[in-house]
Each structure stands twice: as C-alpha cells, then as structure tokens.
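Following: one structure in structure tokens, then a few remarks.
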Amino acid sequence: SLQDQFDNLEKHTQWGIDVLEKYIKFVKERTEIELSYAKQLRNLSKKYQPKKNSKEEEEYRYTSTRAFLATLNEMNDYAGQHEVISENMTSLITGELTRYVQELKQERKSHFHDGRKAQQHIETCWKQLEASKRRFERDCKEADRAQQYFEKMDADINVTKADVEKARQQAQLRHQMAEDSKAEYSSTLQKFNSEQHEHYYTHIPNIFQKIQEMEERRIVRIGESMKTFAEVDRQVIPIIGKCLDEITKAAESVDHKNDSQMVIEAFKSGFEPPGDIDFEDFTQPMKRTVSESSLSNSRGDGKSEPKFGSKSKGKLWPFIKKNKLMSLLTSPHQPPPPPPASASPSAVPNGPQSPKQQKEPLSHRFNEFMTSKPKIHCFRSLKRGGAGPEDFSNLPPEQRRKKLQQKVDELNRDIQKEMDSRDALTKMKDVYVKNPQMGDAASVDHRLAELGQNIEKLRLEVQKFEGWLAEVEGRLPARPEQPRRQSGLYEAQNPSGVNSCAQDRESPDGSYTEEQSQETEMKVPATDFDDEFDDEEPLPTIGTCKALYTFEGQNEGTISVAEGEMLYVIEEDKGDGWTRIRRNEDEEGYVPTSYVEVYLDKNAK
C-alpha cells in the first residue's frame, strides 16, 4: 500500500542521514588523529632540539649534527602540514556536512509531513464517500419499504381512505429522500474520484519526487565530501615532498672529511711529540744523573722550545717554566694565617693555618721535591674545574690561540658598541646645543665621559690579549709569565705519571698549567740554577696595597710588613690566600691577603 511505501521511504532516508552522520564522525576522528600526530611530531622535534647555551649546542657545528638539526626542523614543518590537513578537513568536510545534515533533516521532515497530510485528506474523502453511500442505501431501503406498505394499504378494502393517503404520502417522502441521497452520493463519489486521481497522480508523485531528489543530493554530497577528503590530503603532498627533499639534501651535505678536520682543529694542542730517548749503557760504570735519564733531555733536543722564544736547557723538569720553578722556590707552601682580628684560625674560610716558624733545610725540601709523587690530572679534569687564568695559559697552545682570538673579537665588538653609543650621545648633545629647549647638553657629559673610559679600558684589554695572542703565534718574543705558586710539578722519574696522562705535560711556551697543589715544593741551591734565570725580568706592578696588620714574614717566600705601610702589588691572590708584593727592586715576597688592602690599577707599570 501507499502507507507501506511511505514507511519504507522514511526508514531509508533516515538510514541515509545515519550514514552521513557516521561519515562526519569518521572525518572528525581523522582530524583528531592528524592533530595528535602533528603534536607528537612537534614534541619529538622539540625534544631533540639542542638546548641553548649548552654543550649540546656546540656539537651542532658538525655537518652530521647540522643535518640532524635540519631533519628536526623539517619534521616540524612536516607536522605543520598535518595540522593543515586537520584544519581543512574540519572546515571543508565536517563543518559543511554538519550544517547540511541539519538542513536535510528539516527537508525530510517537511516532505513526509506533506505526504501524511495528503494521505489523511484522501482518507477523509473516502470516509465521506462511504457515509454518503450508506445513507443513500438506507434511504433507498426505507423508500422501498414505504412503497410496499402503501401498496398493501391500497389493496386492503378494510383500510380507510385516509390511511391509504397517509401511506401514499409517506412512500413519496421516502422516495424523495432516496433521490436526494442518490444525488448527494453521486456528487460525493465524483468529488472523491477527482481527489483520488489528484492524490495518486499529482500530490503523491510530487512528494516522492522531492524525497528522491533529496536523497540523491545526499548521495552526491557524501561523494563530493569523500573526494574533498582525498584532495585535502593531496594538496599537502608537494609541501611534504619538499620537506623530505630538504631532509635528503641535508643528509647529502654530510661531509665526513670536514667533520674529521673540525675535530682535529678543535682538539689540536700544538704540542711537539717527544724526541727519542737516549740509549743508556749499563755495561760501563757511570753516574747517571736525573737529566740524562729523563724525558726532558730528548725534549730539549727536539728544538720545540726556541719556536716560542724561551730559553731552556732541558735538564731536570721538561714541563715546568722558570717562573713556576721560581714560584716553588720562593712562595710559602702553607695557608696564610688569619688576621689578628680573627678569634681563631677556624674563623677564616677553609681554616687556614699559620706558616711554619722554622725553615726546613734546603736539602730536605729538595729531596722532598725529588721524591714526592706528582699530582697531575688530565686536561679533561682541568677543564671541568673552575675558571682558568685570564690568559688561558691552562690550555694547549692551539686551543689557547683560539680562545685568545675569540676574546679579542669579543672585546672589539664591545668597543664598537660603546663607540656607537658615544656617537649617538654626541649627536644628541649637538642637537641639545642647537636647540636648548629640547634638553640640557650638559646632562650627557657624564655619560660620554663614562663611555670614553669604558672604551679606553676595553682598548687596553684588547692590547693585553693581542699581546698574548702574538706570543702564542710567535710574532713577538715570549713574555715572562707570572709564577703560579701552587702548580703541581711533573716528575720526570715517575713513568706512571707519563702513562696515565701524557697530555697534561706543559708545553715549552708555558701555555699549560697543571692543577694547583700544595704538596710538592722544592728548594735547590741558587747557584745550581742561576744560569736558568739570568734573563728573568722583574714582574710589573699591577697596583698598590696598604698593610692592615703587622706581618713578621718568617716563612720562606714571605716578606715582613709593618702596619700602615704602602707597597706595590705584583701578583693578585690566586685563591690560596697569599698576595705577592714588592717593597723595592730587591725586596718582594708574599703576605696574607687578609693582612692588606689592595688597590688594583691595570694601567700602572
């Protein structure tokens, strides 16, 4: 029946809407997957990015690690394309289809409402026809019975004429009513037939046609959405391909030779390899001195030292500078005493003890030096330690040259910045001079003076570091370095020290310093080594100091001072609590840093 067809169509169209909503849900979940994937890719890329101001960042100067960094950046862009997929699918498919489903539901509801209305109308017309038909049938039967009754009354001789007339009138009335019902039934039938024809040939076909068109549009729309689903993915393929091409390009840029050369440049020390060790003939009785059996003799013959402008006879200590040896001979080996104001030695940081009051015999200290185990550490351990000296003398020659060059470049950049600031202030001052209403020209004089002082200080720093750089590069003769008081000595007679850390040896140019140690000291007769230090120049003064307390200076290497006395500072405190001072050309030594008030002046000579 028609009602069954409407039910079937209603179920089918509802199923079509369910399919559309299912597809919308599928696309929505796909967009969520794309977003999640993009987020995970970005997090992955971020996780492996080098951290700023870290050792990791330095490693990315090699071509292989730069290629990896490029891969990480491309993966970030790759993730961005998946975000584009998600955004486009959301706007072009999910959003559009969601609105379309709402419109489709409203249209479907309207069509089926019209169908139900038409069905109800035809059913009403049918009921009216049936009622008219039953009424016509009833009136006909009543008219027939009335006619039969009249005929019976008319044939009966016993019935009065009045009764017969009454029966005749009743029969005529019933007959008229039957005729009226017939006319009404005929009219209702014609009307119903017309309505039924209109219903089955016009209204219902139109409704079915609209439902069909609605369903076809739904099918076309879901097909277009599937096509858009593929196109959205296809649109980002060229960009994803470019990302992959860039990764391939970065991989092809990896240069193993270049990376190897960078490693060589980074860790090149500039040390000369040791020379051959002399053959020691034990068949003949002979007195073998330390210098003949040590590594220093071969190093002295290697002629690596004259390249740095220093004089060495390669006798006893192949890796110790003259200044360092003099420091060992003259500097105190005990922590400085606390100032008189301190309640006890424990009140001073690190708990310094007073120097020994008795001097040890020179021969005893010399033997102590010759037999003590050197405290030498690998360069890696030195690198992990605290800040090195200002001239980077704790580094090998090549590394020191690079550090000094970097420092010079950095200072030059600072000078340029200060000069730019000074030029800007000068222009501002000129504007103020020409237009006093804009500002006071005298207000910038103080800042200009400060900038001038800063520039002068930076230039002096540049000259200092350029001098050290010239030393390393061999353009100038090596300058005598300030002695380091607590440097550990390398003992040539200890082969275990050579095997454990040969790279800790100090080069002939004095550009490498071992870890500080207070354990190894040495006293030797000055006459044995006078020729080693004939060319030693006096250290320049770097400032002045005022004695806060009286210091007796009984320990070797120290100097006595009186309270209130003014002296020259020639070496700052290196962290051991001692400051090296000079009274005149012949009197210099160490005093506890806490006993003096130091006034440094880098411009003093």
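Placement of Cβ uses the backbone N, Cα and C atoms for every residue, glycine included.
TrEMBL annotations: computationally assigned, not manually curated.
Summarising the annotation, TrEMBL assigns domain 'F-BAR' to 1-259.
Within the chain, the coiled coil (150-181) has long-range Cβ neighbours (under 8 A, six or more residues past its boundaries) at 132, 135-136, 138-140, 142-143. The coiled coil annotation in TrEMBL covers 150-181.
TrEMBL lists 288-314 (among others) with the feature region 'Disordered'.
The region 'Disordered' annotation in TrEMBL covers 328-361 (among others).
Per TrEMBL, the feature compositional bias 'Pro residues' maps to 333-342.
Under the heading region 'Disordered', TrEMBL lists 381-407 (among others).
As annotated by TrEMBL, domain 'REM-1' applies to 394-471. When DSSP labels each residue, the domain 'REM-1' (394-471) comes out as 72 helix, 0 strand, 6 coil, counted as helix, strand and coil in that order.
According to TrEMBL, the region 'Disordered' annotation covers 478-535 (among others).
According to TrEMBL, the compositional bias 'Polar residues' annotation covers 493-502.
Per TrEMBL, the feature domain 'SH3' maps to 540-601.
Mean pLDDT for the domain 'REM-1' (394-471) in this predicted model: 85.
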